[in-house]
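Chemist: Sharing the feature lines straight out of TrEMBL:
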BINDING   12, 54, 55, 87, 88, 186  phosphate binding site
BINDING   185, 209, 210, 211  substrate binding site
DOMAIN    6-243  domain 'Nucleoside phosphorylase'
SITE      167  site 'Important for substrate specificity'
SITE      222  site 'Important for substrate specificity'
């Protein structure tokens, strides 16, 4: 079995991981573009952690400007096996108030400005994505949240909108009617790319507000969000520390097969595959294509 390396993507308000020891900044180039920042590798206890702030230092990148392919690619190059995404979000449920952490298990993708795949002309692939998160990783996060007294819910539907503006009231009501539990701007195409890279992926939606579906109150207030975001950030760091402390030394294969997602996904005949694209896939799909 492979050594477990825990990747953590920090969302809004989470730009570092206090408690990370033996930290080194990784200078990893990606053929897909520039990652949000240079990943930092360190450890909490015996667990190796690679941390990447999704929005970059000082929150310089909006959700639409993040190079999601480069981020996932460099995390894969850094040896990450299990990836936890920390993300601020709005709630569509009264029972999911600000401060609640939602371990979503489904996504609705409403983005339209982002590159959603590593594959394309010259190498076409269709990975299974009906169940987008690794249940064993979700279970570990839930246990860590419970141990730290963090209010959390296992399961839920995350709708990812393009942004960077917040929802109109009509959009908010529509997303709620679609069955969404929470709304955010960053988990798509991140989760799709993680599956293509054969990573075990789980998301932690950290509720900051009720979006704009409640007719009896004002819509999203940024000042209120920032206050809740600060408190959520503290809880998220505690959660990660506990998760790392109890993390297994060896990677636990995803029961849904995320680790082998590309086994039957690539449909382009070998003689028709683009060598230049295959070269860019050396980290993401190296297991199936072999060394080049």
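Keep in mind that glycine also has a Cβ here, set from the backbone N, Cα and C atoms.
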Chemist: Which number gives the other C-beta atoms within 10 angstroms of the C-beta of residue 185 (substrate binding site), all protein chains shown included?
Modeler: 24
Chemist: Given the binding-site residues 54, 55, which one has the fewest other C-beta atoms within 10 angstroms of its C-beta?
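Modeler: Minimum Cβ neighbour count within 10 Å, taken over the binding-site residues 54, 55, occurs at 55.
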Chemist: Neighbourhood of the phosphate site (12, 54, 55, 87, 88, 186): other residues with Cβ within 8 Å of the Cβ centroid, in order?
Modeler: 10, 11, 13, 14, 63, 86, 184, 185
Chemist: If you count Cβ atoms within 10 Å of each one, which of the recorded positions 88, 222 comes out on top?
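Modeler: That would be 88, with the most Cβ atoms nearby.
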Chemist: Please give me the recorded positions out of 12, 54, 87, 88, 186, 222 that lie within 10 Å of residue 211 (substrate binding site), comparing Cα atoms only.
Modeler: none
Chemist: Just to verify a number: CA distance, residue 185 (substrate binding site) to residue 88 (phosphate binding site), in angstrom, no decimals.
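Modeler: About 9 Å separates the two Cα atoms.
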